[in-house]
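A.B. asks: Below is a structure I'd like to ask you about.
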Amino acid sequence: MRRTYAKFVSLALIACMAIVLAACGNSSSNNNDSTATGANDSKTGATANATNESTNDSTKDTASSADKPAEPVTLTLNAQYSAPDEKLSLDYAIAKIKEVLPNVTLEIQPANADDGTQKLKVQAATGDLPDIFGVTPEIIDLFNKSGDIVQLDGNPDIEDFKSKVSPGMIDSELMYKGHIYALPIFGSFSVVWYYNKDVFAANNVKVPTNYDELTAAVKAFTAKGIVPVAMFAKEPWPIGAYLDSFIMRTNPGSTSDFSNGVAKASDPGYKEGIEKAAALIKLGIFQKGATSTDYDSARAIFNSGKAAMLINGDWETPDGITAIGADKLGILNYYPGADAGKEDVNKYAMAGGGGVGGYALSAKTKDKALGMKVLALLAYYQGEGRYVKGGHTDVIIKTDGLTPENPLPEITKALAADQSNFIYKSNFNHSLPSAFSKPFGEYLQNLVAGQSADKFISDTDKLIASLKK
Amino acid sequence: MKHGMASRSAVLIFTLPAILLFTVFVMYPLAQTFYRSFFDWDGLTPGTFIFLDNFKEILHDPIFYTSLYNGLFFAVILTIFQFVLGSFLAFALYDHKIFGKKLLRISYFIPVILSVTVVCQLWMSIYSSQYGLLNKIFESIGISYRQDWLSDSHLAIFAVISVAGWQSMGFMFALIYTAIKSVPEHYFEAAKLEGATKFQIHTKITIPLLAETYRMCLMFSVVGGLNAYGQVVLMTNGGPGTSTATLTFAMFRSAYSLDRFGYGCATAVMLVLECLICILIINKLVARERITF
């Protein structure tokens, strides 16, 4: 009985081993196949390319395997996909990619509007990065060091994309430390002060052109229970841009100078700007609860007519027009932070800026050749969608031959006309090194929460000094 | 002898899975956290051994002290909130004359089963300075007490703690209520025969007999307060500035916002030590004698 039992168990174990080994063998063979696919130019990509020769130049050299049907491929994409404007351009790009590569499906993982980089860092640490994701220079440095990002130089699809980029933007927006790590959609953004013409007219308030007029407008609106400026101070960058609106009118530099130790908050010009900004905060320029107000909520306050002004990037224009109408939405010609009579000083200095960033490819993506092809198509077509569908002029690609579906709004045209005069000496808080931007963002929130300008200046100076060590 | 060995083997066999799971999911990460706290590490690359430098830096970091204070404050207020309200409701519901006991019991427990995200969204809209219910209530009864609940550096921590207390109070209520129900009825009957009032019965009999339950509740609320994170990150993200940061939040901030995982691990070690000290003190001082009915 015992022997029979032993034999039975032995046979069962041998059978299990055989099944396991067979499964391993099969898996290994699959791996080899997929490795070969990845190492050479992907069969799936090549097939898809060949079927779309007429629509994409980069497909011409890979038509040999067109007779074999392409296997379906799903790539994960971490991208901004919450505002209507973001959805419009990304949906456009995905539809275009589907035409070129019908076998490729892009699965969107919407990025957090507040701080998407945290999620990416966790995903990198757990080896779970999406195939394609949006990056900042800081993330490029971090992931390049850890080997989580693909260097894109030399790939024909990437070179093809590069040839479609406006020449003036290649060095400033595409190349980073001599290499290409990410493909951007847009160039420099301008942070502008939008205003609701109706709200100003209905309350008989003059649209401000200098600090005195702005102070008068803030007093007039707060007295009538209207929010002078809707602010989403849950994120630090709009507060930084607000501060820059004052600093840059008296000083060619900006808060970005603090991050690299070029200037201190207590330096002349900077200090006055901070004090002006803080004085208006005390007067109630922002709505109550600004530091817990997010992007969408602040826009809703402005769009509903409960706020007279909104500080945001110029990407807001199409959504703003949709919400309140082209005839009601205005942009202040320049920041109203200058003293009376000095309105023309530094009037083209703009908060915002741009720089390197955009979509990058994970080093762990299975088929890098296909990944780069999709990356190039995505960056190009999202830029095209942004211009054609959204009417944005801030795209990095050449727009010759492209026509926006709707005529460009007058305020966009006016902004675009001044574009060549604009001087960008600032940057978004989240684009600065995190060792500076995180604590500085917290100080900015403290300022909005009512902390004194002196405390803000002393905290910032201490931070600058600590980073110099 | 043989029986003893077999018993030991059985104990080993039955406890091994639990020990293995505990080691893999608790002890190993804890050991890793201690080990990594000695490194200058960004979470992705190998890192550099710097021994105690992270701890030296923590002792000079103002956010550490803000977080330490907030955590302790959180624990104290949460404990008072949960103990006082939880006990009051449990004692009130134990009274036989209360109508609709089942409905009340369920409604007190509902916040516990709600997701922290849902609860925070709900309270954020109640706290909203612009359209919030709380300010509207003050307005409607003619009190000009409109507050910037979540954006005021001093008020925000109270607002967050209240939400945490509101959500977890039902759990404490359930524990205390169950413990009261487990006290033999004849103790109360004897007291009644002796002419004791309800207040006297609860203060002289019920509460002393619940000492062990209260010790457990105390541990839960103190550790829960020190570890507070969900409500903080969802409602204020530690702000305005760092005014509502707790040690757990500071740990996350260092690791994921500043890419300083080594420093974040050192903060976590401080948090673990803080919790251990609090538990040791509670065990040493509260309900040391075992109560049997």
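Cβ coordinates come from backbone N, Cα and C, glycine included.
The feature transmembrane segment is assigned by TrEMBL to B:12-31, B:72-94, B:106-126, B:155-180, B:214-234, B:261-282. Among the features that TrEMBL reports, domain 'ABC transmembrane type-1' is placed at B:68-282.
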A.B. asks: Applying the under-8 angstroms CB criterion, which one of B:12-31, B:72-94, B:106-126, B:261-282 scores highest with the transmembrane segment (B:214-234)?
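C.D. replies: Stretch with the highest Cβ contact count: B:72-94.
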A.B. asks: Residues of the same chain, at least six outside the transmembrane segment (B:155-180), with any C-beta under 8 angstroms of its C-beta?
C.D. replies: 70, 73-74, 77-78, 81-83, 85-87, 89-91, 93-94, 105, 108-112, 114, 116, 119-120, 123, 127, 147-149, 206, 210, 213-214, 216-217, 220-221, 224-225, 228, 231-232, 235-236, 239-240, 243-244
A.B. asks: Could you give the residue numbers and ranges of same-chain residues that sit at least 6 residues beyond the transmembrane segment (B:12-31) on either side and whose C-beta is under 8 angstroms from one of its C-beta atoms?
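C.D. replies: Tertiary neighbours of the transmembrane segment (B:12-31) are 272.
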A.B. asks: Sequence-remote contacts (6 or more beyond its ends) of the transmembrane segment (B:72-94), Cβ cut-off under 8 Å?
C.D. replies: 101, 104-105, 108, 157-158, 160-162, 164-165, 168-169, 172-173, 175-177, 180-181, 202, 206, 214, 217-218, 221-226, 228, 246, 278
